[in-house]
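Novice: I'd like to ask some things about the structure below.
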């Protein structure tokens, strides 16, 4: 499967569309003979500096590694905030706000108590990041080749949504067991303090169901979140380079490009938090309680209940998403991976729409 995907990816429209236009000679007739030759020479040099080919197995593997770092490290870094957010969701009478939640946690558990659940967070979200970013690149290449160059451009937002949803479906299966353990450790005082204590206890009480009963609500939370995360990020980057950044992306330094990545990531993160928060509340309560179903929890929480802890989640997810995209893009820069620019309208489509002479 992966070999066929790699073969398709080499020809897909996201594989450096700017360079492809020059190579095909589509922009040649309007330029003197010398500049096009120089452009082709520079384009070739740019391709040669990459450590691997776009769509190759090495490319996808390194993208997955970037996902491991971006998701695993960032989620672990905000464990204290995540812990307070989860406790606000499952016990709103006791934890009435962010600062109140931190105060109570410090008083009852001490500073070390704020780090509860760091191990399942690191393991679970590293596995999720591997699948999320790695499979996103795979599905985006696969779907774009099915659509063709013109439809890929016209339906690019739908492409981002479909690719990210497909990737997140598999990513959540990898995340679910560790997410269940994390919530138990963070929200049930005295249940377990470490991952090694929680896993055997959960298995003894409920079997495998303890680890996967939350996968459906996890899909409810994470798939809309990831669809918004990737689609909003891709379109925001495109808009920033088009309307905000005063020069073309090709003329920006790597550092300037990474700043654009961070800003676009934060904007995407705010929308992600809002879209996914109700399901996040259900997941937190469901993993705390034994024998409950998602529909029962949703009915009990009500409309106001599912929005508890939203402000904390906006701060956490906005920062998380910005850092994740920054780290992911930095990994691509460090390993010299192909980083195609935002898509441009194909010349064939411009001619059909009468935008060229």
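Quick reminder: no glycine exception, Cβ is built from N, Cα and C everywhere.
Given the structure is predicted, the values throughout are model-derived calculations rather than measurements.
Feature annotation from Swiss-Prot assigns N6-acetyllysine to 94, 204. Look at Swiss-Prot and you will find 107 tagged as N6-methyllysine, backed by similarity to another entry. Positions annotated as repeat 'Solcar 1' by Swiss-Prot: 58-142. Feature annotation from Swiss-Prot assigns repeat 'Solcar 2' to 155-239. Taken from Swiss-Prot, the feature repeat 'Solcar 3' applies to 256-334. Look at Swiss-Prot and you will find 46-58, 137-156, 234-256, 329-357 tagged as topological domain 'Mitochondrial intermembrane', backed by sequence analysis. What Swiss-Prot records for 82-116, 179-213, 280-309 is topological domain 'Mitochondrial matrix', and it gives sequence analysis as the kind of evidence. Here Swiss-Prot flags 1-45 as transit peptide. Among the features that Swiss-Prot reports, transmembrane segment is placed at 59-81, 117-136, 157-178, 214-233, 257-279, 310-328, with the record citing sequence analysis.
Quick one: how deep are these features, and who are their neighbours?
Specialist: The number of other CB atoms found within 10 A of the CB of residue 94 (N6-acetyllysine), across every protein chain shown, is 11.
The Cβ neighbour count for residue 107 (N6-methyllysine), using a 10 Å radius and every protein chain shown, is 9.
DSSP assigns residue 204 (N6-acetyllysine) to a helix.
Taken together, the residues of the repeat 'Solcar 1' (58-142) have an average pLDDT of 92.
For the topological domain 'Mitochondrial matrix' (82-116), the list of distant contacts is 75, 183, 185-187, 189, 193, 280-281, 284-285, 288, 305, 308-309, 311-313, 316: same-chain residues at least six beyond its ends, Cβ to Cβ under 8 Å.
Residue counts for the topological domain 'Mitochondrial matrix' (179-213) under DSSP, split into helix (H, G, I), strand (E, B) and coil, are 25 helix, 0 strand, 10 coil.
Per DSSP, the topological domain 'Mitochondrial intermembrane' (234-256) is made up of 17 helix, 0 strand, 6 coil.
Listed by sequence, the residues of this chain that lie at least six past the ends of the topological domain 'Mitochondrial matrix' (280-309) yet keep a Cβ under 8 A from its Cβ atoms are 85-86, 88-90, 92, 179-180, 183-184, 187-188, 205-206, 213-214, 216-218, 220-221.
Residue counts for the topological domain 'Mitochondrial intermembrane' (329-357) by DSSP state, with H, G and I taken as helix and E and B as strand, are 12 helix, 0 strand, 17 coil.
Same-chain residues lying 6+ beyond the ends of the transmembrane segment (59-81) with a Cβ under 8 Å from its Cβ atoms: 2, 6, 9, 52-53, 98, 102, 114-118, 121-123, 125-134, 137-138, 312, 315-316, 319-320, 323-325, 327-328, 331-332, 335, 337-338.
For the transmembrane segment (117-136), the residues of the chain that approach it from at least six positions outside its boundaries are 60-61, 63-72, 74-76, 79, 82-83, 163-164, 166-168, 170-172, 174-175, 177-179, 181-183, 185-186, 194-195, 198, 226, 230, 324, 328, judged by C-beta separation under 8 angstroms.
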Novice: Tell me the coarse DSSP state (helix, strand, coil) of residue 107 (N6-methyllysine).
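Specialist: In the DSSP reduction, residue 107 (N6-methyllysine) maps to helix.
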Novice: Can you tell me which parts of the same chain pack against the topological domain 'Mitochondrial intermembrane' (234-256), counting only residues 6+ beyond its ends and a CB-CB cutoff under 8 A?
Specialist: 18, 156-157, 160, 263-264, 267-268, 333, 341-343
Novice: Can you grab the distance from residue 94 (N6-acetyllysine) over to residue 204 (N6-acetyllysine)? Cα atoms, rounded to a whole Å.
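Specialist: Rounded to a whole number, the Cα-Cα distance is 30 Å.
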Novice: Tell me the Cα distance separating residue 107 (N6-methyllysine) from residue 204 (N6-acetyllysine), rounded to the nearest angstrom.
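Specialist: Just about 32 Å between their Cα atoms.
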